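Taken straight from TrEMBL:
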DOMAIN    9-84  domain 'ZAD'
BINDING   11, 14, 57, 60  Zn(2+) binding site
């Protein structure tokens, strides 16, 4: 029976024993608990089960930090992208020359020409 794993003294993530272990309640360097990072990165596992160890090895802590940072990067990038796309939708609702049909453009040019004063008309008006 000595070959059984002593689950109270092994890493909760990788099950390694006889290594440097920290509690999942430990606050990490960015003031977030390791257990919260575990829940955030691997939410499919219930990390706080009372029957299971609440320890994590230093190797897994390093991997967890990388995974958590990657998760945060992806979420921030997605948020930035969503903001950018929503701004693009607002700017594309403004009518541009590309949106104007040839008929509308011709009509606007004709109305501008009808309202403009040509140099010849201005001279004719002065001589009256």
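Backbone N, Cα and C define each Cβ position, glycine as well.
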What are the sequence-distant neighbours of residue 14 (Zn(2+) binding site), meaning same chain, six or more residues apart, C-beta distance under 8 angstroms?
57, 59, 60
Which residues in the same chain, at least 6 apart in sequence, have a Cβ under 8 Å from the Cβ of residue 11 (Zn(2+) binding site)?
17, 19, 21, 53, 55, 56, 57, 59, 60
Which residues, in sequence order, are found in the same chain with Cβ within 8 Å of the centroid defined by the Cβ atoms of 11, 14, 57, 60 at the Zn(2+) site, excluding those residues themselves?
10, 12, 13, 15, 16, 19, 21, 56, 58, 59, 61
Could you please provide the mean pLDDT value for the domain 'ZAD' (9-84)?
92
